[in-house]
Amino acid sequence: MITAAPALTPEKAVIPLPAPRWQEHWRQAIRDPAQLLAALALDPQELGVSAEALAQFPLRVPRSFVARMRRADPSDPLLRQVLPIDAEMQVVPGFSFDAVGDGAAKKATGVIQKYRGRALLVATGSCAIHCRYCFRRHFDYAGENAARNGWEDAVAAIAADPSIDEIILSGGDPLSLTTAKLAELTTALAGIAHIRRLRIHSRLPVVLPERVDEELVQWLDQLPWPVAFVIHANHAQEFDTAVDAALARLRGTGAQLLNQAVLLRGVNDDLDALAALSERSFAAGVLPYYLHQLDRVQGVAHFEVSDERATALHAGLMARLSGYLVPKLVRELPGDTSKRPL
Ligand SMILES: *Cc1c(COP(=O)(O)O)cnc(C)c1O
Ligand code: SF4
């Protein structure tokens, strides 16, 4: 007798487990310095790991980012960006708690406007990775995020100001919100005629490339505005094949990909490292945008590079690379009408 049912071989009957969702990778991040250093075969004592610094701003680093660190190298440039160390607890004059004047530039809950035409939404306080040099280490996220009340205050403030033509999703990391939550915002913004561009500032395609999943790509695909997607990578070693694939998916949506980096002592403050970062970014479809002098907040002084050295490095990049591979060297200061070129 012939039946219509296909013969099931034992192999075909095995249902493969679904790939873990990005939230699972997020949850599996390393939060214990001892565990991080054990994975890298390093000694916590030797590195000056600080419990106090850890209490002030917890360690958080996704496992795939750890996998890009070199083993047994205490000066690995990726490790330096995430490890809480004693130097953070030094109180250094000139380094404050609100170095960039976010407090004064608040327009509504979670909406910051400093520059003409551009409103920045602090969409959330969460990040997949905690970068030790981050100025937001002292920011009141819990109170100041625009996603509260279904984005109501933020959307009302933007709707009321026709001079705003670009919305910047920032944070924290805006892609730490679910895609459904992001879609809730863009659906509300789509009703505001004066918005012309959407910009997304996110480190997630670099530190947790699994976040760029099919759902995110579909959301980006159907947005009614041109999109600028600004990633954040400080060193060529942060790129790998998974990051390349995530960036290729983003590019496939038509988004313009840009990179902002922070100039950091002991991480990327040499000409070879900066040139390699620009070249590696471009190979992944990303143009260099800004190279930031760090914001002078308490706890980050040991990362600071002098302006003299920063401008010399920048001149070196200009002498070495194609013009479009040279980022703008800038600093952010309260009261300025734009980032200030050095
Ligand atoms: C950096 C920043 C921007 C963006 O500035 P661009 O020069 O356009 O990249 C916008 N708003 C705020 C509050 C910022 O800090
Ligand atoms: S990802 Fe960005 S916002 Fe988050 S800790 Fe790092 S630098 Fe700060």
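Positions of Cβ are set from backbone N, Cα and C atoms, glycine also.
Since this is a predicted model, take the numbers as computed values, not measurements.
Here's what TrEMBL has on this protein:
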BINDING   C127, C131, C134  [4Fe-4S] cluster binding site
DOMAIN    113-328  domain 'Radical SAM core'
MOD_RES   K339  N6-(pyridoxal phosphate)lysine
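Same-chain neighbours of the [4Fe-4S] cluster site beyond C127, C131, C134, judged by a C-beta within 8 angstroms of the site's C-beta center, are, in sequence order, I129, H130, R132, Y133, R136, R137, R203. When the recorded positions C127, C131, C134, K339 are checked against ligand 1, K339 have a Cβ within less than 6 Å of one of its atoms. Distance noted between the C-alpha atoms of the residue listed as 'N6-(pyridoxal phosphate)lysine' and C131 ([4Fe-4S] cluster binding site) is 21 Å. Confidence in the domain 'Radical SAM core' (113-328), given as mean pLDDT, stands at 95. Counting only residues at least six positions away in the same chain, the Cβ atoms of R60, C134, G171, G172, D173, S176, R203 sit under 8 Å from the Cβ of C127 ([4Fe-4S] cluster binding site). When other Cβ atoms within 10 Å of the Cβ of K339 (N6-(pyridoxal phosphate)lysine) are tallied across all protein chains shown, the result is 18.
On its own chain, C131 ([4Fe-4S] cluster binding site) has Q81, V82, R203 as residues at least 6 apart in sequence with a Cβ closer than 8 Å to its own Cβ.
According to DSSP, K339 (N6-(pyridoxal phosphate)lysine) is assigned to coil rather than to any helix or strand.
Mapped onto three states, the DSSP output places C127 ([4Fe-4S] cluster binding site) in coil.
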